[in-house]
Amino acid sequence: MRGVWTTAGVREAEDEVLARTPDGALMQRAAHAVARRAAAMLTEHTGGVSGRRVLLVVGAGNNGGDALWAGAFLRNRGVGVGAVLLAPEKAHAAGLAAFRRSGGRVVSESDVPQWTERAELVVDGVVGISARGPLRPAAADVFDRVTAPVLAVDLPSGVDPDTGAVDGPAVHATATVTFGARKPVHLLNPGRCGDVTLVDLGLPLGAEHGRSPELRQLDVADVAAAWPVPGPEDDKYTQGVAGIAAGSATYPGAAVLAAGAAVRATSGMVRYAGPAADEVRSWWPEVVATGSVADAGRVQAWAAGPGLGTGRDGCDVLAHVLGQGVPVCADADAITLVATRPEVLDARDPDTPLVLTPHDGEFARLTGDRPGADRVAAARAAARRFDAVVLLKGHHTLVAAPDGRVLVNRPRGAWLATAGSGDVLSGILGGLLAAGLDPWLAAGAAADVHARAGEIAAAGVPTSASQVLMAVPEAIRQVRALCDDGSSGA
Ligand SMILES: NC(=O)C1=CN([C@@H]2O[C@H](COP(=O)(O)OP(=O)(O)OC[C@H]3O[C@@H](n4cnc5c(N)ncnc54)[C@H](O)[C@@H]3O)[C@@H](O)[C@H]2O)[C@@H](O)CC1
Ligand SMILES: Nc1ncnc2c1ncn2[C@@H]1O[C@H](COP(=O)(O)OP(=O)(O)O)[C@@H](O)[C@H]1O
Ligand SMILES: [K+]
């Protein structure tokens, strides 16, 4: 599992290291890595390094200092380097001196168009972890002219380091070199960061240093290790029976998708209870289907809500499953029911896990507000408020636990934005909860396999929820194979 720390945490850890490191040593290490990456990008895009032209865009702080030192290192490799100083009087003094010594040129305002046109690479050293808000006009004007690849120092300027939000002009980087630890922006807005390289600065981060990560991301090995695999002693019951309470006369499809996803994601047994029993049986003969949750038989977890309806009947079904003392994934109409009839939660045994899986609209119904720019904070607050794991859907699915832990899922394209794909996610999650996984991990693993299934089903062209569901076994196979290969970060 990869950890990601907030900028405040990184700064604190950096200060500890700075106090016992010679002046400038960390910056030069950081800058050296930027120069190495810049040289590799020049080679990739132009076939060489010496004689190429690089433009640095330099802000008022240490991020600009990194860029200036990197420029000096590039000069030593025969690169023509110019620097636009956005705040000349505040430019990092030692960096600027080194840059000038190396023969680097400070670019005057009138020369900016010529440099942006001729530069083969642009280094964004405007702001790093002290960034607030979008690019200011002077920096935005420079980047408006840039057509060359951009290498961001630490993070793309103008993008919020802790939320990944973009609220005005911001850099779109081809690649980013970051230092010490990944920051939330790298996970929450990877499209703006491009290819991210992490330079180890030996920062004291981690539980052993009293600094817990702000965000975590599951590695493929975590998903593979969590996914239930039957052992020699197992039978269909010991692996956990998943119950699906979904669908209505109007929406039988949601029941078919959710039940099918549970069947394909896990190997034990799936029960279905509701008005779509005939449809579910005809699609999935292995599902034990009944008309009502009251006579469904024992299950180890329920996935409830898709197509359930938001009237009295749906409410009774939700109250029933919440009262069974087993984990419940409440999705779609079940979320609306929790929002409109909060007393339904009274049926819940407070010790049994609840997972809520809202999209933004359902989140607004549930909490009164849409998630806003800081989705991590929003998901975390909702998890605390409902004492539930909250899986907030979107391009990056977030999974927040009531104790504050947040997982961010790695998106694999946007093909999952198709009707019914959420029903598939509910079914997968129901299966994992029934197998006894920790609900936070279950939600993260389900989101990972769901995203993989979406990518496999689409293979670059539009797909459908049914196809995503059919691709679930292939996604699980991919996870298990990647893990066996030792490609644990994929
Ligand atoms: N502290 C350390 O140990 C290290 C820091 N390093 C670099 O230092 C950076 C942090 O440096 P600083 O804390 O000096 O600050 P930054 O360089 O991130 O920002 C400089 C100043 O820019 C201004 N600013 C904020 N938002 C702005 C915006 N939207 N537009 C224009 N100006 C804005 C602020 O006044 C801020 O203080 C890191 O991101 C990294 O690049 C590296 O050299 C590695 C070591
Ligand atoms: N732009 C996107 N990129 C990646 N995944 C997306 C995107 N939009 C939606 N998804 C995913 O697709 C699923 C949609 O679920 P949901 O909104 O409940 O749809 P439905 O109710 O039609 O099943 C969620 O898992 C969500 O994370
Ligand atoms: K930057």
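Cβ atoms here come from the backbone N, Cα and C positions, even for glycine.
What you are looking at is a predicted structure, and each value in this text was computed from that prediction instead of being measured.
Together with Lys393, Gly394, His395, His396, Thr397, the AMP site in TrEMBL holds one more listed residue from Gly372, Gly420, Gly422, which is Gly422. TrEMBL names Asn63, Ser157 as K(+) ligands; from the candidate set Asp124, Asp141, Asp195, the record adds Asp124 to that same site. Shown are the binding-site residues Asn62, Asn63, Ser157, Thr397; the one with the most C-beta atoms within 10 angstroms of its own C-beta is Ser157. Listed binding-site residues: Gly65, Gly394, Gly422. The one with the lowest count of other Cβ atoms within 10 Å of its Cβ is Gly394.
Here the CA atom of Ile129 ((6S)-NADPHX binding site) lies 27 Å from the CA atom of Lys393 (AMP binding site). Spatial neighbours are here defined as Cα atoms within 10 angstroms of one another, and by that definition Gly394 (AMP binding site) has no neighbours among the binding-site residues Asn62, Asn63, Ile129, Arg132. Close to ligand 2, meaning a Cβ under 6 Å from one of its atoms, are these of the binding-site residues Asn63, Ile129, Asp154, His359, His396, Thr397: His359, Thr397. Candidates Asn62, Gly65, Arg132, His395, His396, Gly422 (binding-site residues) were compared with Ser157 (K(+) binding site); those inside 10 Å Cα-Cα are Arg132.
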